[in-house]
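Features of the protein shown, as given by TrEMBL:
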type	residues	note
BINDING	Arg22, Glu81, Lys120, Lys452	(6S)-5-formyl-5,6,7,8-tetrahydrofolate binding site
DOMAIN	214-375	domain 'TrmE-type G'
BINDING	224-229, 243-249, 268-271	GTP binding site
BINDING	Asn224, Thr243, Ile245, Thr248	K(+) binding site
BINDING	Ser228, Thr249	Mg(2+) binding site
Amino acid sequence: MTGETIAAIATAPGAGAVGIVRLSGPAAGRIGRALFGTGTLPEPRRATLRGFVDAQGEVIDQGLALWFPAPGSFTGEDLFELQGHGGARVLDRLLARVLELGARPARPGEFSQRAFLNGKLDLAQAEAIADLIQAATETQARLASRSLQGVFSRRVEALVERLTRLRALIEAGLDFPDEDLDDLGVGEADFATLVEACKTLLASTHQGELIRDGLLVVIAGAPNAGKSSLLNALAGSDAAIVTEIPGTTRDLLRAEIQIDGLPLRLVDTAGLRPSSDPVEQEGIRRARAQIEQADHLLVLIDDTAPGEQGTARAHLDELGLDPQVPVTILRNKIDCSARPAGLMTTAEGQTEIGCSALTGAGLDALRDHLKAVAGYRGASAGEFSARRRHVEALRNGLERLLEARAAWQATAAPELVAEDLRMAQQAFAEITGEVSSEALLGRIFSEFCIGK
Ligand code: GDP
């Protein structure tokens, strides 16, 4: 338990029927007693009607006080929840009084961080709290709730348990170097099941990450290819201005959509062409910077324009693009050309899609294609929410497991096998926060809102 008592308004700003001030730490009980103007604490975990008074004894507000003595609280510390009226000024006054009595303002996520440090939640569950609060789609909220309930953490723990058993057997061999390793009861199958279990969990975690973070899809191409029209057609709204005048889109235009629960952040960029107009030049600079950030690039080509029938590579060269991310070439305006709608494979083996941003032809094929290249299996395949750092930890761990298996197969020194297994375990332990650095915790909890 840390020495400081923290306090914050826990409800969203603005007027509401109820507003909550929360305080946690060793002085919570003393502050509560002073605030109620009584010498007594309410019965633990029972809603109790109290007046909250200022230094002069004047009632700031009247509401419910909930007292959670340590360790039976969210943070594991002494904790008060004061439910008053949800007005901005009244809550400010209530918080000011609590600070005057010795609490200090909580930093973002500090209540959850204390819950984690006191063993009330593991790190993946703490992250799930932030994900649940920030969920923009129903699927995101459902999966974050499952992670908060520990669905993901239990899967990680099961993997770690299996790994620990194997490690124990192999490390036992190190203690008795004369013993034949075969006699330890370790076999190829033990490594195979572990690797399989890790791959299965990695696949589920990747789905969870896709549903949480989605893909950044950047639309690029020459002026007038139909980029803004495509953004509007996919978003189902007039987010972007469409004109026949080339160079209309100067800045980045964004729209957020979902395909079967897969969130896509679409960005329409300025048309790429040589320009002497400084505003357009800046737009093109921003477009190129955004292209570098993309998870997937859609390069739009006007299929009716003369000289636009070249290969994908020729188009990318012409636009000065050499993207490091997956690219899909879209042949747009097929309502005015002879090309069929949908997916096709070029003579060079490149996937292209014929479409019309105007009529919507070929856009379903584009949606399916984006799901396929992301490896997205649909909202119903999501089991829990996850983040990129979880996927990376599992990938690192898997790599170590494969090395351990290879060392085992090559009958290398058991020390090497044991060391690889130890590193794999460490990678997995980063997910639940058994192994974590100050910097990682700082990064995770600073994303939270204040009061959580
Ligand atoms: P951008 O400069 O690439 O963003 O292109 P716009 O979306 O502004 O479109 C340029 C012009 O092409 C506009 O007149 C659009 O109406 C037209 N356009 C866009 N997509 C299509 C399409 O699929 N078919 C046809 N016939 N016209 C299109």
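From the backbone N, Cα and C atoms, a Cβ is placed for every residue, glycine too.
Curation does not apply to TrEMBL; its annotations are automatic.
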Proximal residue to Asn224 (GTP binding site) among binding-site residues Arg22, Glu81, Lys120, Lys452 (C-alpha distance): Lys452
Listed binding-site residues adjacent to ligand 1, that is, members of Asn224, Lys227, Ser228, Lys452 whose C-beta is under 6 A away: Asn224, Lys227, Ser228
Distance [Cα-Cα, Å, rounded] between Lys120 ((6S)-5-formyl-5,6,7,8-tetrahydrofolate binding site) and Lys227 (GTP binding site): 49
Separation of alpha carbons, Glu81 ((6S)-5-formyl-5,6,7,8-tetrahydrofolate binding site) and Lys227 (GTP binding site) (Å): 51
Binding-site residues compared (Arg22, Lys120) - highest count of Cβ atoms within 10 Å: Arg22
Rounded Cα-Cα span from Lys452 ((6S)-5-formyl-5,6,7,8-tetrahydrofolate binding site) to Ala270 (GTP binding site), Å: 40
Integer Å distance between the CA atoms belonging to Ser228 (Mg(2+) binding site) and Glu81 ((6S)-5-formyl-5,6,7,8-tetrahydrofolate binding site): 49
Rounded distance in angstrom between the Cα atoms of Lys452 ((6S)-5-formyl-5,6,7,8-tetrahydrofolate binding site) and Ser228 (Mg(2+) binding site): 39
Lowest local Cβ density among Lys227, Lys452, which the record lists as binding-site residues, within 10 Å: Lys452
Max CA-CA distance, Å, over listed (6S)-5-formyl-5,6,7,8-tetrahydrofolate-binding residues Arg22, Glu81, Lys120, Lys452: 18
Among Asn224, Ser228, the one of these binding-site residues whose Cβ has the fewest neighbouring Cβ atoms within 10 Å: Asn224
